[in-house]
Structures are given as structure tokens and as C-alpha cells.
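Written out below as C-alpha cells is the structure these notes cover.
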Amino acid sequence: MNLERLPNEEKLTLCRKYYFGNVYNVCVWGFAFLPFLWLVNVVWFFKEAFVKPTYTEQLQIKTYVKCSGLGFLLWVAVLTTWITIFQHFRAEWGEVGDYLSFTIPLGIP
Amino acid sequence: MYYFYVISNARKCSITLQRRTVAPEPAAEPPSLDRSAVEREPVDLEEEEELPLKYGAKHVIMLFVPVTLCMVVVVATIKSVSFYTEKNGQQLIYTPFTEDTDTVGERLLNSVLNTIIMISVIVVMTIFLVVLYKYRCYKFIHGWLILSSLMMLFWFSFMYLGEVFKTYNLAMDYPTVAMIIWNFGVVGMICIHWKGPLQLQQAYLIAISALMALVFIKYLPEWSAWVILGAISVYDLVAVLCPKGPLRMLVETAQERNEPIFPALIYSSAMIWMVGMANPARHAEPTNQDTGSSDEEAHRSEGSALARDWVEPETQVSSGMNRSYSTEDDLDEEDRGVKLGLGDFIFYSVLVGKAAATGGDWNTTLACFVAILIGLCLTLLLLAIFKKALPALPISITFGLVFYFSTDNLVRPFMDNLAAHQFYI
């Protein structure tokens, strides 16, 4: 639909609803092991939430952006820990290490 | 033996530029705009004449960037990851004739036969798609496109990631890889088929085109690839320009129904409104500047010719198909940006990638790259002149092929000789 043809108030409301719904859906799906989705959410709506002049739904958008940001950071911490552990102890774990490995480097134990 | 079960659609790019007349101001407009509408009228005429040129230059640049990016990704991968240049006898089922023959003549014959098979597959798929579109089987098309993009986003990127890790000799574990691929794939599906930030969507389309091009480069035998490239350009030309060509029919059907012409499978640059609208305020500015003037839209509708790549990410097929635009103006606002079919990305990248893989010399690669960009420029110029759907493949591919063969066979030995004799010109 053509947003330009709508009078300003309606356009603004629609826009907000669109973003609101959008943010909501995206945020919830992030719980399905999707830190990247949360990152996209944060980056995309950062301006909307924090930079733009206040409007009604902005508070909720802010909440979602913050939640997404926290979730993303949490996942980053978890993943970094796991990767560090794996890379360090891969050789020592022997069979389990090989079983978990997707690619095994050649020439290095 | 590795069979790709997927049937792919290669997208042919056709470019359309349509000129719309000045839209009458709707009655609902607040009175303050009416006065400005009257004032805008004399300016409109001048702007109308200027617009094609202004539009053309800016949008040429907007197309150069993604095409260049795609080619850069493909060439970088080809040069670094040896997997995509190893030939171990595996071929796609669409090119059954082998090129390990004893005589040159046989090899040529086999490559021509391969091409014929490939092109017929493409033709059949295109016609099938056009028929589906004509009979409004939107769900089927949508499902097909989703399946193909699923395959692209998950399976091919998994393969790609594996090969990159092997090349750089990194250890990687299954859980991490699963997370990466899962994230990449799901966000890709969301971005492409639903809503997402425009740049991310464009990035995904470029990524998918590059992946597909890499698959082609790996699995197409040498001579067949070149013959296929040539044949596809001819097919593109025929399909888009002939009155009964499938792509042309597709374009016309979509125009009759006032729908965007297959918004899926198209790379659209900046200014789309509907799906993937990241920042409406930002997009509003360019349109505000052009208000009242004739709404020019550059449609690059591409013919969805089908070949192997079915993965063309159909960008907004659902949104595009399900919305029937009531007025022409809606279309104008939406398609203000430039669109190029993904098949074009793929075949351009295949050409440059093959040049990088087999030529082995940067001269050849760069020459092909420049040739394709020149071809693209010319095609856009023709678009501005003719203002109707045009195929984007022929000119670029022709230039690319000419440059490749001439550089490989003439320029390279020449330069090598000069360097060997330390003779600088």
C-alpha cells in the first residue's frame, strides 16, 4: 500500500504498528537460538528507539531493543566460552573432540 | 555421484523503464498542497525531460556496487578456496556429456549437446513458471521459491563454510557450525521472504547469487560453460524481445494485472517501500523531491528463466503477489529504485569466476570485469532510450566473452613476452 497517500496521522500510526508488530515478532523468535536475529533487531531499530524524538510506542520499542541487546550479549558470552573451551581442549579430548569436530586441521594434533 | 535435485531458475534480467504521466492529485489532499501542485506543473515539464538522465546515472552506480561485490566475492573465493576449481568428474545431471574426450571435435560436440540440454531445461522451466503465473498459482510459485532459497541458504552455505575452514585449516566443531548456519539461514529467510532491513536483504541476495555462481563454476565443464553463457544471452535476447517470448509475456501479464513484475528473484536497490523498508523517513525524501513530476520507474523485471539455480532468492514474492495495486501510482512509488534480476548477477559472476579460475591471470579477470560493467552501462543506456523491458545479459556477456578470449589469447602472451624481454611500453 502506498504510505504517501495517507494523511500524516494515519501514516504515523500505521508505521508505528508495523514497527511495533515487527519488533515484537522478531524479538520473540530470537528465543529460538537466534542471536543474529536479535542483533539485527538491535541495529535496525536502534535509531527508532533512541535517536528519534519520542512518540507513544517508542517506550515499548525501547524495551524490545534492550531485551534483544541483552539476549545477544548473553549468547555472545556463551558462544565465546564454548569456542574457547573447544579450541583449547580439542586435542586433549581425544575421541570426543573428533566426534564434535566439523573440520579437523591437518598437521596439528 | 552428486546429483543436485534442485531445478533452478536462472533469472534473466530484463530492464524496463516506464514513463508514467503526471499523476492527478487525489481529492483527499489537504488544501495546502493544491497550491503547490499548481506551481509544480511548469517545473514538471522541465524535470520530466531531465529525469531520464539524472535517473540513469545514479542508478547505474547503484547497480555497479552489488554486481561488483558479487563478482569480488566469487573471484576471492575462487582464488583462495581450491575446492571450487577442482574437477573431480562430478557433473550436474543437466550436463551429462563429459568433456574428457579424445578428440577436440568430440569435446566440442559434447559441450554443444550439454548446452542444448541446459537451455531446453531453462526454456521449459521458464514456460512452466509463466504458465503458473498466468493461472495465478501463486502459492505454488511461492512454495517453490521458499524451497529453493532454503536449499541455498542452508545447504550451499554449509558446504561453502566447510570448504573455507578446510582451506584455512581451522578446527571447527559441529555445535558452532550448526549455530552459524542456523542463524544465517533463518535470518536470511526472514529477510528475503518477509521483512527486513534493506541492506541486509541486498547482502543476502548478493551472497546467494555468489553461492550459486560458485556452484556453477565448479560443476560446469570448461567448454560447456562458455557455450552455455553464449547461448543464454541469445536466449535472453529472444525471450525478452520476441512477441511470444516467455519473459515478455510475463512482463506483460504483470503489467496488465498492475502487479510488480516478480518482485522476487530481483535485486532491488534503495527505494522500495513495501517490504524491507528500513526507514520510511529516509526514503520519503527522494520521493518528496520528485513529487508532481512524472513518476519514472525503472523496472528491471527479469524473466525468470529457469536453469539450474532455483535458489534465486525471491525477495518479496509473497508481498508482491498478494498485493494488487489499484493505482499506477503505487507502483511508481514502490519501484523507484533500480532492479536487476538475480540470474544476471549469477551469470556475470560465472563469467568472471571462470575467467579467474581458468585464465589464472589477473589481466583476464579484470578485463572481463570491466567488460561486464561496460555492458551493464550500455544496457542501461538502451533502457533509457527504449523505455521497455530489455534483457541485461546479451551485451555484457558478449563483451565479457570477447574480452576473455582476446585477452587470454592475444594480450596475455604479448604481455608475457614483453615482460620476459624487459620491454616496457
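Placed from the backbone N, Cα and C atoms, the Cβ positions cover glycine too.
Annotation comment: TrEMBL describes B:283-305 as region 'Disordered'.
Within its own chain, the transmembrane segment (B:60-78) has Cβ neighbours under 8 Å at 84-85, 160, 164, 202, 205-207, 209-210, 213-214, 217, 267, 269-270, 337-338, 340, 345, 348-350, 352-353, 356-357, 365, 369, 372-373, 376-377, 380, counting only residues six or more beyond its boundaries. Annotation comment: TrEMBL describes B:60-78 (among others) as transmembrane segment.
Feature annotation from TrEMBL assigns transmembrane segment to B:112-133 (among others).
Here TrEMBL flags B:140-162 (among others) as transmembrane segment.
As annotated by TrEMBL, transmembrane segment applies to B:174-194 (among others).
Residues annotated as transmembrane segment in TrEMBL: B:201-217 (among others).
Sequence-remote contacts of a segment are chain residues at least 6 beyond its ends whose Cβ falls under 8 Å from one of its Cβ atoms, and for the transmembrane segment (B:223-241) they are 10, 12-14, 95, 97, 99, 107-108, 110-112, 114-115, 118-119, 122-123, 126, 216-217, 247-248, 251, 303, 305, 307, 347, 350-351, 354, 389-394, 397-398, 400-401. Positions annotated as transmembrane segment by TrEMBL: B:223-241 (among others).
Taken from TrEMBL, the feature transmembrane segment covers B:362-383 (among others). Within the same chain, residues 15-17, 56, 59-60, 63-64, 67-68, 71, 75, 298, 348, 351-352, 355-356, 390, 392, 395-400, 402-404, 407-408, 411-412, 415 sit at least 6 positions outside the transmembrane segment (B:362-383) and bring their C-beta atoms closer than 8 Å to a C-beta of that stretch.
Under the heading transmembrane segment, TrEMBL lists B:390-407 (among others).
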